[in-house]
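According to TrEMBL, the protein has these features:
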type: DOMAIN; residues: 12-84; note: domain 'Cation-transporting P-type ATPase N-terminal'
type: TRANSMEM; residues: 60-81; note: transmembrane segment
type: TRANSMEM; residues: 87-104; note: transmembrane segment
type: TRANSMEM; residues: 252-272; note: transmembrane segment
type: TRANSMEM; residues: 278-306; note: transmembrane segment
type: TRANSMEM; residues: 789-812; note: transmembrane segment
type: TRANSMEM; residues: 832-850; note: transmembrane segment
type: TRANSMEM; residues: 871-891; note: transmembrane segment
type: TRANSMEM; residues: 903-922; note: transmembrane segment
Ligand code: ATP
């Protein structure tokens, strides 16, 4: 057997499923694990060959060859050629340090995103040794039998063996957007391989139904593998914030060049300095002001946030989603599983004769069914036996007994279906015997548009004259509308209008309590029934799901998740609106929405799918302004709501799990798929995946998104703080017409920018969220990173404070040396070195206070532990160490034009951070008072 030869691939299309298995050396019980291991060795992993990655060296060198870096190299060479060796070397060092720093950050950011990719592995369900197993998709081998259901990603090319109304979405491969019906029949005539109705292909997905398939080719041998080169070229795009920063860096560089030019012209024409000296001076200024390390630092902040979110169960696929989360102002959430626990327990059963309560908790099959005081079982009530049997047979979920040392029963499959098996056992039905007595011949899978599911079973003894029976379960109203008869305990009778009213009354009573209700019905499938097809393969929802006989209602409890109420409250205070869009019934949805606080007003509206269909967009937008719950929604209606919200200017997050949710997930500004219950298709369409399916996780992710953006602002503000005193130094020199010698040399400015400022700036990028971050409205998408606040607080307020203390230091040094009695110390003297040292140290000590101040925007820094940010602590120490080295190591003092200072000067410096810190705390206090008054 060799699946890789084209003739077997061809042959398989024209043979029966059994023959196909034979050709592939497999059978319906699947391969043995041993054989699968052998084939894995022989054919290799089921994955596409990776495109060659850019080499490390190339990535490293790219950091030294950007336009900005090239300009700096040129500047350095010019400085050296002009005789300013020290400045030239300094510029080279700036470039080198920046390049290394950028590379390191990019490397770390890439590692973080790659780690994330690994957290999203693809799985497949296969039959091996006769048992169904979940394995990594990379381990699939030719000959494996795969089980597929709606929403699964198909990971290999495979021949259909058995199909239950199965349809595949092959748009990724053929561009055909309509799902294609697949069957297990042998082909009768030649057609192109991709058009074969009995094949499914890797890279496509299951759009509806279920099926079993035989794997024919894997990895690069699959049809998808052949065109893999086309698909691997997905460009990594920059996030809007990164793009904004790119522009910002260029703008700041332009400003730096302009300032450099102005200084050069003033120095040459007004102060009459030699032009070469002025040129070098301007060059140094430009180098000092260019924020080269900004972009990689922000990329790193975003990547770290993504990593942190992943730990909190929110897997973000793109860095840009972090920013979008920060702007989100509407969350459209489904109910089941996201807001509720999706741990279903049936606590009421109802039929036209009795209302029964069910005891017991969770999935443990222990409990009783009572009608008043009487315990009812399948043995003493026909009606109950049929209701419970029908419900349990029409289910694909499995109940798993507690693992060793644990107490809880768990389920494999849909909890809504699992609890039906549990209640059947409580009623005295043995599930194994039930399934053996009524073997399933076919399934018409659940679909959220039909809101029901049907299974067809073979009967050993005829029932109502038939040898097959269909059990249907689903949304009560929808199922009841298909019922013509009802079962009354011993036989069926025609259904009356009064029966219908009673059923809906019972349904509404349960729904008002927040219970999820399903109706169960049956239909004997008689051979002589002309509405039914001859062949079992032709059974469809249209010809089976009619003329049903109503059996009863099953009401199950699905309590809200405990953390959701607080998360909803947090959203309210953060100006985020929550809209529940659910497939469940209106009264159930409303009850849950009220319990968790999504709707509070008595005027809140509950709109059903039918009502929405009749509403035009203007009315819909009006409705969306108030409190609203959307119930019994079809997936395309979810899409329509998202569009309307976006047209109203909202930034919308949408949750979803099914195949049909993917258009809405894609349309949303941030699509969120469920990690546990979500289908592969939904996960692929989404920007973020919740590994715990929990609504509260979305809120935490939004908080993180807001925090990252604020932190990047804090980081920017801190970097800008020192630019004002740095610019003030040459300005003083120029404005005084050279009377005041330049208080800060170019090398000293560079010391601040690439030496003392670096680590504390990084620390600010890693700050925790401020308590008030979720008490403010969402940021507008139009708001720029460099906003009024950053300019006013960074450049002007903090900048002037820094200037005051550093220029103060400069004059203090001169004063202690005899000024104003003697003129200011001239360049080249010891007094000048001491004065510039004080100016430099003044800026650095002010920056120490600023580092602490910038940790919060409004909150007092004392509210968080003063020394809880280790980066900032380390930064403070590094700042002092650098200063001490420059002052007391003669070699460095020589290069940097610095000198030791007296104890009075030390005293002055030490006071600066405390004063800066104190003043800022007072300003923040005033801000808080003003805010409180306003609100
Ligand atoms: P949400 O959209 O909030 O997740 P939901 O699970 O109720 O809520 P759907 O999965 O679209 O939404 O289900 C719609 C309706 O179909 C349910 O309210 C229920 O009445 C019915 N239903 C759900 N699951 C099944 C199932 N496995 N079999 C039969 N009917 C089902």
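Glycine residues also receive a Cβ, built from the backbone N, Cα and C atoms like all the rest.
Taking residue pairs at least 6 apart in sequence, the transmembrane segment (252-272) and the transmembrane segment (903-922) share fewer than three C-beta contacts under 8 angstroms. Distant neighbours of the transmembrane segment (87-104): 59-60, 63-64, 69, 72-73, 75-80, 280, 283-284, 287, 292-293, 295-296, 746-747, 750, 753-754, 758; these residues of the same chain sit at least 6 beyond its ends, with a Cβ under 8 Å from one of its Cβ atoms. Confidence across the domain 'Cation-transporting P-type ATPase N-terminal' (12-84), taken as the mean pLDDT and rounded to a whole number, stands at 84. Counting residues per DSSP class in helix, strand and coil order gives 42 helix, 1 strand, 30 coil for the domain 'Cation-transporting P-type ATPase N-terminal' (12-84).
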